[in-house]
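Residues annotated as active site, proton donor in Swiss-Prot: Y40. For D35, Q175, 246-258, the entry in Swiss-Prot reads NADP(+) binding site. Marked as substrate binding site by Swiss-Prot on the basis of similarity to another entry: H102. As annotated by Swiss-Prot, site 'Lowers pKa of active site Tyr' applies to K69, with the evidence given as similarity to another entry.
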Amino acid sequence: MENIPTVGLGTWKASPGEVTDAVKLAINLGYRHFDCAYLYHNESEVGMGISEKIKEGVVKREDLFVVSKLWCTCHKKSLVKTACTNTLEALNLDYLDLYLIHWPMGFKPGEKDIPLDRNGKVIPSHTSFLDTWEAMEDLVFEGLVKNLGVSNFNHEQLERLLDKPGLRVRPITNQIECHPYLNQKKLIDFCHKRNVSVTAYRPLGGSGGGFHLMDDTVIRKIAKKHGKSPAQILIRFQIQRNLIVIPKSVTPSRIRENIQVFDFELTEKDMEELLSLDKNLRLATFPTTENHQDYPFHIEY
């Protein structure tokens, strides 16, 4: 299992016009882990940033850890390889360091990323992520992908995959939403016990759901005490829980700040206070898919 660099640059909701510069700056600042996905519709611009830095000799391809994700409309076994090669083409790369199943749910294949019925609910593809996984394993043996992982899997789904008869490639990470308002303790404990790392997306929360983690008085107090920003506290919190963290930003000052998290340590009391903020408050609920048999959030964790 390869070591995934602890802090990566998230590229979700990074507009194509901004993301190339963000990637170039991030590489200059020492980022080596880039989290991408077909669904973000900006992979070719991410790839341009990576290619320019490789061409300039700032980094070699093997110094980078590039992640992408298989979208839900491509869960049919016959569609997996094309989805992967399309991503590689967009990123202008020969291989991915890590390829994730973006969600455990398969959707009807076709033009639309999220095909909905007349009631506004997703149209499933009647595939099983266990079958999808077999096609992803083939990608490893064909040299297109070095490692596999999952995203948004609950513990039962991850267990089904880990216990699958004839499993050839183990998932190395479960990428999940994680921040102090949704600290995911039970799921993280489960993953770590089963030797699967956890990657935290939306570690800074976000403006959805009507809350701003950055304004939380406890987080601000701890930030002030350490002479750091609230974002740096939120990232450091996850690092000290042995998580991989992928904060998204296209703002130069924030891209810089988000990786300057290795020169201080939160105390045990800080960590306890941050853990006590849990409200089980999830931002990425994907409500149009609640009808799907593999919807991951109907159970506690």
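Here the Cβ of each residue, glycine as well, is placed from N, Cα and C on the backbone.
Where Swiss-Prot records a feature, it is marked here on the structure.
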residue : record                               : Cβ contacts under 8 Å, 6 or more apart
D35     : NADP(+) binding site                 : G8, L9, G10, T11, W12, V67, Q175, T199, Y201, I246
Y40     : active site, proton donor            : T11, W12, K13, A14
K69     : site 'Lowers pKa of active site Tyr' : C36, A37, Y38, L39, Y99, L100, I101, H102, S151
K248    : NADP(+) binding site                 : L9, G10, T11, W12, K13, A14
V250    : NADP(+) binding site                 : A14, S15, E18, V19, D21, A22
P252    : NADP(+) binding site                 : L25
R254    : NADP(+) binding site                 : A231, P247
N258    : NADP(+) binding site                 : V7, A231, Q232, I235, P247, S249
Chain-internal residues, separated by at least six, CB under 8 A from R256 (NADP(+) binding site): L25, L29
Per DSSP, three-state class assigned to R256 (NADP(+) binding site): helix
Residue among binding-site residues H102, I246 with least C-beta crowding, 10 angstrom cut-off: H102
